[in-house]
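What follows is a single structure, written as structure tokens, with notes after it.
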């Protein structure tokens, strides 16, 4: 008979015995060792019972060997049936001591600290982050899952969750009953479906016509007390049936967001949007942008590429795109050449669009500080058109009244269109507007790293083109500035970087370096005239005032 086995599944020779064929001395020795082992187990149990706060055992005191001062105890230990019991107790003690040092055999249990970051908390004022709108989670960290924001308690959310589960089971059962019916377009509705339709019609007919005076006062008091930190009271605004459908949709969306968070697709604590879905592209972001906190907590943001509205999920984006009527930026189309167009958008007339454009740009610009005060600015949005609409390529903004003659306040080329010549087209277009205004322009500082590279490359091409076409003997910085609309400071810095400006005999001389001009001409021939601005395609007059 085998009395026990070791933790790794192999037979333990110290606790195995053959009761029928064992010799008497060996049995006596084994019973003696078993008594000692059992005494150790009883001592350990006694010490555990005597811990502070534990209930004291009322059994008689033990002898140093661990047995009570009774002859019956010795008889119990020496009996064959109790030998097996002693061996079993000794085995339990051995396993207990082994488990104290090795916990690998225990199954790993999922704890809250493995899935929740307790340094996070819900942004709703007065919320302790306990409970969840779905009724299935112990904590929440966003407004979408906050019971308090939705004017509910955690217990109410759990009750609604159980009710939804019952309704789901009933609906599944009813669908199974209809599985034997063929699915055809001309199939008539079942009696169950007709009864349900009548029930919904009756529920919607019971909708209250309006709010009474007390309800209006209650709603206004709630709004004044909580403002936008709480969801408005929704009772009696629509039928109870439609309100319940809305609550179910809220809970389902919140559950989807919670699954994304647990899967690692929603960041916690960083408030950093890592990727955006923009049209047919998924773009990695470079910098933080001050989107609202409930959106900033998401690892991914979904945007409509035409109206620039930002959303939380692919489902919301798909529904939005099905009904969005925008196919190009708002404002006036002032330039079109081929499939390239430029729209002039007034920040005062189209405030929401321009704010969304600035928030989008901040994801890829480090020094941008303008987000919401867009009314004093004009935005020039460049698009590329195809059969589906005008897709955003880039934009630049400028002040309506700039005292320092800045022709660009902020400029951005979308990452999917970078290194294709669109950045220089935007810069060239900004200087084209300055020429029409008969002004000398310069970009607002500081420039980003990529912006500085693009502007220096553009200024270099402008100067080399001008010098290649210049046939006179004397040249002045002022003449170059008036013809190109480039600020003289930018011209001088570019000439110095090209080592074309020298000081000789008290005068500054501009050196016409033919080697640089030849290199530029070779690159121009190789590049072609694909990405250039045609001044004749501009249909624009400078705006007068604001």
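Heads up, the Cβ atoms here are built off N, Cα and C, so glycines get one too.
Please treat TrEMBL annotations as automatic predictions, because they have not gone through curation.
Feature annotation from TrEMBL assigns region 'Disordered' to 1-86, 157-228, 526-546. What TrEMBL records for 18-29, 157-182, 192-203, 213-228 is compositional bias 'Basic and acidic residues'. The annotation compositional bias 'Low complexity' is assigned in TrEMBL to 34-48, 69-81. The domain 'MYST-type HAT' annotation in TrEMBL covers 268-542. As annotated by TrEMBL, active site, proton donor/acceptor applies to 444.
Taking a C-beta cut-off of under 8 Å and a sequence gap of six or more, residue 444 (active site, proton donor/acceptor) has these contacts in its own chain: 404, 406, 408, 409, 410.
With a threshold of 8 Å between CB atoms, the same-chain residues lying at least 6 positions outside the region 'Disordered' (526-546) that come near it are 334-337, 344, 348, 376, 378, 400-401, 420-422, 424-425, 428-429, 432-433, 435-437. Secondary structure counts, DSSP: the compositional bias 'Basic and acidic residues' (192-203) has 12 helix, 0 strand, 0 coil. Broken down by DSSP into helix, strand and coil, the compositional bias 'Basic and acidic residues' (213-228) contains 16 helix, 0 strand, 0 coil. The region 'Disordered' (526-546): residue composition by secondary structure is 5 helix, 1 strand, 15 coil, according to DSSP. Over the domain 'MYST-type HAT' (268-542), the average per-residue pLDDT in this prediction is 89.
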